[in-house]
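As structure tokens, the structure follows; a few thoughts come after it.
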Amino acid sequence: MSGNIAILGYGLSAIGPGIGIGLIFAAYINGVARQPEARGMLQTIAILGFALAEALAIFGLVLAFVFK
Amino acid sequence: MSPTALATPFLAAASGDGGGYHAPEPQEFYQPLIGHGDWALTRPIVVMAISVGLIAWFLLATTKRASVVPSRGQWVTEALHTFVRNSLARDIIGSKEFLRFVPALFTLFSILLVNNLFGIIPPIQFPTMGRIGFPIALTLVVYVVYHTVGIRKKGFRNYIGGMIPKGLPGPIYILIVPLELLTQFITQPLTLSLRLFGNMFAGHMLLLLFITGGQYMVIHGSIGLKFAGAGSFVMAFVLMIFEGLIELLQAYIFTLLAATYIAAALADEH
């Protein structure tokens with residue numbers, strides 16, 4: 001079996017954001033279910049949080065290719 | 001330049017003739033069309049030029065004879081502009097100062113939207129933002145804008161001072177000051193450009209892998225692998241729809257974060 005260990009690093013770096021994004025959207029769904037009229041406001045906040053949490057996974061991806 | 005000239009480099013790179021299957025690599029994103037080296041005319045720059053022309057033509061054509069009862073094109077332009085103006089600029093920057101940033105945000109949004117969607121629209125099918133230079137250029141615009149408006153509004157000293165939270169116990173500042181400055185001046189622009197780049201790059205790599213892999217399995221594989229190749233094509237189709245969603249979302253997120261950074265630079269002392 002051949003491959004690159006850097007890709008494993010990407011896998012590790014994707015765990016945290018994966019959990020984080022799951023929590024963010026769980027909270028968003030909860031919020032909308034409780035108060036449907038707050039959807040517009042919550043959506044912006046949820047997507048902002050999603051973008052910030054995702055950054056770590058993207059770092060991992062880019063670094064996996066950089067240190068190849 | 002014909003559309004096929006834009007589309008061929010992938011097929012050339014993907015046909016696994018001889019020596020087994022070659023998995024797609026980052027090098028596949030470098031596709032010079034004319035010339036080579038640093039000054040080559042590459043495929044992304046052509047796609048970018050096409051997108052700019054297309055957007056300019058569309059916006060001019062739909063707003064030149066604007067009427068109270070909008071035509072279909074005018075309706076599209078108005079809906080997009082209203083979306084950027086109201087749910088991005090006004091809600092985030094605040095109703096007092098948002099108006100002067102609407103043109104910049106709308107430009108960013110439309111450029112990103114068209115360029116990202118070009119990633120899945122045949123015959124172009126190339127995400128311009130999959131080359132790191134383009135996100136960096138766009139981020140540079142945002143970076144200069146939000147620092148400039150911040151410094152112009154508060155003055156240099158107050159602007160830098162406003163980045164650092166007040167009312168913490170003394171020694172904590174040794175830790176907080178470098179961290180906050182690092183966030184504002186390095187991490188924010190870095191993540192802004194890398195997020196866009198990473199999403200476009202990774203999404204396109206995924207499509208490339210499924211399509212070229214499927215092609216290789218169907219053409220060169222045994223009977224079992226041919227079925228797997230067909231499955232790979234189905235996966236590529238599903239992922240292409242998913243990719244379209246990601247592309248819309250990334251255009252939105254980039255503009256959203258640009259607006260957020262501008263809002264943070266303009267915000268009063270917290």
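Using N, Cα and C of the backbone, Cβ positions are placed for all residues, glycine too.
Taken from TrEMBL as is:
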- B:40-62: transmembrane segment (TRANSMEM)
- B:98-120: transmembrane segment (TRANSMEM)
- B:132-149: transmembrane segment (TRANSMEM)
- B:192-211: transmembrane segment (TRANSMEM)
- B:223-242: transmembrane segment (TRANSMEM)
- B:248-267: transmembrane segment (TRANSMEM)
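Of the recorded ranges B:40-62, B:98-120, B:223-242, the transmembrane segment (B:248-267) has the largest number of C-beta contacts under 8 angstroms with B:98-120. Using a cut-off of 8 Å between Cβ atoms, the transmembrane segment (B:192-211) and the transmembrane segment (B:98-120) share at least three residue pairs, counting only pairs 6 or more apart in sequence.
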